[in-house]
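Feature annotation from TrEMBL assigns transmembrane segment to 12-32, 81-100, 107-128, 162-180, 186-216, 236-260, 300-319, 331-353, 359-379, 386-404, 410-429, 436-457 (among others).
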Amino acid sequence: MKENILLRQTRWRSVIASSIGTMIILLCLMAFHQYAPFGNNSFAQVDAHIQYMDFFSYLKHLLDGEASYSFSFDRGLGSNVWAILTYYLFSPWNLLVVFFRQENLHVFYDMLVVIKLALSALTMAFYLDHRFAHRLPAPFLIALGMSFGLMQYNLEQARNVMWLDGVYLLPLILLGIYQIRMGRNLLYFIIPSAMAVLFNWYSGFIDLLFAGVWGVWEVALIRQATQCSWKCIGRFFFQLFTGILLAVGVNFVFLLPTIAELRLGRISSFDWNILNLYWFGDITSVFQGLTWGAFSKVRYVSLFSGSLVLLGVLGFFFGSSYPKKIKVYAVLLLFFLIATFFWFPLYFLFSLLKDVGSYWYRYSYIAIFFLIWIAGAFFSLPQWRISKWFALVPVLWILCQFIGMDNSWWNVIGTSLAFSAILFILSYRRLEQSHCIPYLIVLLVVLDLGGNAYSMMQSRDIYRYVASYHDYVLAEQEQIESVRPADGELYRITQTKPFCTTSTGLTANYNEGLAYLYPTVASYTSSPVNAQLLFLNFLGYHLNGENMNIVDTSLLGADSLLGVRYVLSDYAIPGLERDADSVPANQKEVYRNPFALPMAFRVSKAIHLQHADTEMEDPFIFTNRLYADLFQKELDVYRPVPFSRANLDDHHVTFYLQAKTQGAVYGNMPFDQTQDGTYLYFNDGTIQAYARWLSPSTFFVPTKNGKASVRWKSAETADDALDKVQFYQVDESALQAASDEAWSRAAAIRRDSDRELHMEVDAAGDEVLFTSLPAHPGWHVTCNGKEVKPESMDYCFMVIPLEPGHNTITLEFGVPTLRNGALISLLALILCFRFSRIRLTFDSKDSGDERH
């Protein structure tokens, strides 16, 4: 019963009011800005509409029993989806997706944002109520809770909804540290910490990093209040770091397989950036970022959480109620947190050892938490005082705007007015003098936080395609259903125009295989498989950044080798045959690839296992060599196309091609550096954005009677790319011959599921089975009942040894390290209950000095 004291003593009316107030503000602004379900806009911006909609679609299929929790052919060339699930989809709130149709997922996404921001307000108010021993007046408790719920970080990162779980769990984690200090159960800390790591390990680890820092802060307060012994402090840190280890340990059943998968891509090598020690950015930008509508970007962080918080922070430092030593400790912690934004080692540490290139300062909510803590500490005093000199703050904002602050006058003036109004109320009236004053304070805070939210929701990256997405999904579902492999079959499908493709051919929506459950080639996630990315790059599908290949056309030589049987395309590609029985949709017809090779066929043991060459910049020569090696004879499926070049100037070059009348023509201008403003113009009027982020390197060239022209236009000169230009044409007779021979050697494949395949093939003594099935340590392969170890071709595809005569092959996929992780989690759970019985006691009776 003693352990339930937290719940019994909570001022639930104020805590819940803070959460409901946050929800009401958000819903009203969503209705005004026409966010789903009220209109055509959504919080699903940038990566949310590029990636997360497809991931949530996959989760819905998984919960409906239609998809795999481990290996899936619907991601890239096929890979383990475990890391996707644990990073993007493990929050229990995501289970609500089962109540929404796929075409209505924007309503689901916006609902997630509302829930998590309301929870942030609730847990913060709960924390403040207990951390300051119920002395924080109700209006301030409600207002500061809402300040955390509607802080800048939450509104900006609504586009990354999976990170918000770590936000609303942070107050509970830090309350758990306070409970350790107060001699209560260690489980108060372990449970929310384990939940944070489980729901999203990325933000969960940020929370635990900060928990270690917060432990130092609590110790500083302990020393100030009690002068307790260093031995006692040592016991405190032992419990704290034991709790951190156990919180991580209980999640090892999920974390260990995730780490194993990430080692195939994102964390496959050490990032030497950790050795950089430089300071970057301007620390004065922190002050500028305390206004409405401020977004964080490199060298500029926004920590806005409302004017009331800023006034509380100023009152704390410039008032006389707290000892100078406490203020010094607070300054040191505040400087440390600011240094995490501008000193590279700390920035790198809190970015979890990666130099991120987007969504800057993903951990800035920890600094905002401390600002709100300081404000809570100030307003919980029995006698607090706000100085009129604080009115200089709006003056400084306006002066900064004159000298070039990166914000609008509307936002600066709005913030100044809100700050001044709250300052006036707090300076000239005491709360006990009028029953209306508390309500007025809450109202002004609502207007202040609402003004910032209004500005942020309408000023950047607004998403306006909810209705378009709805229609696209319905049409795409019908089209995919007409070409999806039947039970037991296995082949791949690609497309040239996924959702949200620009008029100049750029897109990043490469996860529709996961969304609509079809084996494919393309993928874009934060947990890629490097071997697949590199192999596709050698085949001509340009490697863009670290996470994706640009698959925006059908390279017939590559696609045929990969077993691509159908292409959904918005234009005709010579060699592909339009499938009259399939459903056209979203401006795409279904084309059948008559050259598609089987997914597994016999080849000579004499083949080479490595073909990739880091110096190779010609994907057509690479593909020809690959075919020649597989079939052990000269076999050029691509042949060079004669062309001439006409230079108008350094920025305009036209290439004139004379190809044969049969066979698709492709071009490639290998570029080492992006050149924004570059376009390719084709003779049929098509325009392709080029040499930039998301643009291809290899491109399809439309021809008429074998003739074509390609005009390069750039803002800068690009002699390197233009000097290495390549034009090739598919030799359909050679490709058909390769396909016929492969099918004559094909293994019979039966796909029981993505995790279990069966193959039958007769072989001679000098043959092995080449497959376009991705190599992965999770595969367990048997041949005629005996376990065999496949080799890998270019670290990408499995080559399975065969016995002379008949071979019955079974492939079963298991999540690597899952059992080991389960054993560690079980041990951690046992230790949790063992350590939960240990209580910390301090040397002084004053250990419970609640003022600190």
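Yeah, the Cβs are placed from backbone N, Cα and C, and that goes for glycine too.
Quick caveat, the model's predicted, so the values are computed rather than measured.
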Proximity verdict for the transmembrane segment (300-319) and the transmembrane segment (186-216), three or more C-beta pairs under 8 Å: no
Dominant neighbour of the transmembrane segment (186-216) in 162-180, 331-353, 359-379, 410-429, by Cβ pairs under 8 Å: 162-180
Intrachain residues whose Cβ lies under 8 Å of the transmembrane segment (436-457), provided they are six or more past its termini: 21, 25-26, 28-30, 32-33, 35, 137-140, 142-143, 146-147, 150, 152, 155-156, 292-293, 295, 304, 306-308, 408, 410-411, 414-415, 418-419, 421-422, 425-426, 429-430
Interface present between the transmembrane segment (236-260) and the transmembrane segment (331-353) (three or more C-beta pairs under 8 A): no
Considering the transmembrane segment (359-379), which listed stretch of 81-100, 162-180, 236-260 counts the most C-beta pairs under 8 Å: 162-180
